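Asks: First the structure, which I've put down as structure tokens, then a few questions once you've had a look.
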Amino acid sequence: MASSSSSSELVFLMCFMISAFGIAIAAKFDQEFDITWGDGRAKILNNGDLLTLSLDKISGSGFQSKNEYLFGKIDMQLKLVPGNSAGTVTAYYLSSQGPTHDEIDFEFLGNPSGDPYTLHTNVFSQGKGNREQQFHLWFDPTADFHTYSITWNPQRIIFYVDGTPIREYKNSESMGVSYPKNQPMRIYSSLWNADDWATRGGLVKTDWSQAPFSASYRNFNANACIPSSPSSCSSNSATSTRSSWLNEELDNTSQERLKWVHKNYMVYNYCTDSKRFPQGFPADCLQNN
């Protein structure tokens, strides 16, 4: 447990860091992202308003943000691989680098035709993850674009689908659990083959006769802090309305929506997996179950 003086120093550092960072506003994909792999399988189209990833038997594809972020509200609209997408994974996440990296994950696990996608979420801090929650969705994510959002602030991480919260992960440092708050993270996305595990634990393989597989992205927005930018993320600055995410929490209506999702659409929760944790659940489950 940190001493009171070191805790105070950390709070001061956090306040300084937040007040020294700028805010990123929505822009074109070619302005905000770099295509990082795929040998032409990733494309930016429509004057920068649309980005597509594709996967075939030779390779998948991916992109990453030009900027790093430390806290913010990230929105992206995705339209997932249609038809028989078994074995494919469309990943959309925030991550830093290195063995003690932090990470906040959306991963969409493909399905045989007619079966629901599995939306896999996870939170890593200091290189430790194993905080998986999985959901099915209440709509067909391949028929149209839907908005997938992450709010990340010093108190909590909230995952949203079309504005409905599906997961809240609270800061549990008071219980000795590390929390992602010191490492700036980039946005990454990729479409790749993971048929060794993605669909029914790897029992269903990718049907390459359906390739190429394709996922589409539009309407990216990052209302977020960028290290070293001259403008401010302080909640009492002139940009306070844009940085309301800095102290965002779920109100009563949102909490009821979260309960509805968990009751009807959650298919896995690490905090209820007694076979996985026979010696007792992780400490952060006290706040996050």
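Cβ atoms are placed via backbone N, Cα and C, with glycine included.
Curation plays no part in TrEMBL annotations; they are all automatic predictions.
Look at TrEMBL and you will find Glu103 tagged as active site, nucleophile. For Glu107, the entry in TrEMBL reads active site, proton donor. Look at TrEMBL and you will find 1-217 tagged as domain 'GH16'. Residues annotated as N-linked glycosylation site in TrEMBL: Asn111. Taken from TrEMBL, the feature signal peptide covers 1-26.
What does the local environment look like for each feature on the list?
Replies: Cβ neighbour count for Glu103 (active site, nucleophile): 18 (other Cβ atoms within 10 Å of its Cβ, all protein chains included).
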Asks: Give me the non-local Cβ neighbours of Glu107 (active site, proton donor): same chain, 6+ apart in sequence, Cβ-Cβ under 8 Å, ordered along the sequence.
Replies: Val89, Thr90, Ala91, Tyr92, Tyr93, Leu119, His120, Thr121, Asn122
Asks: Relative to the Cβ position of Asn111 (N-linked glycosylation site), how many further Cβ atoms are located within 10 Å?
Replies: 24
Asks: Compute the average pLDDT of the predicted model within the domain 'GH16' (1-217).
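Replies: Mean pLDDT, the domain 'GH16' (1-217): 89.
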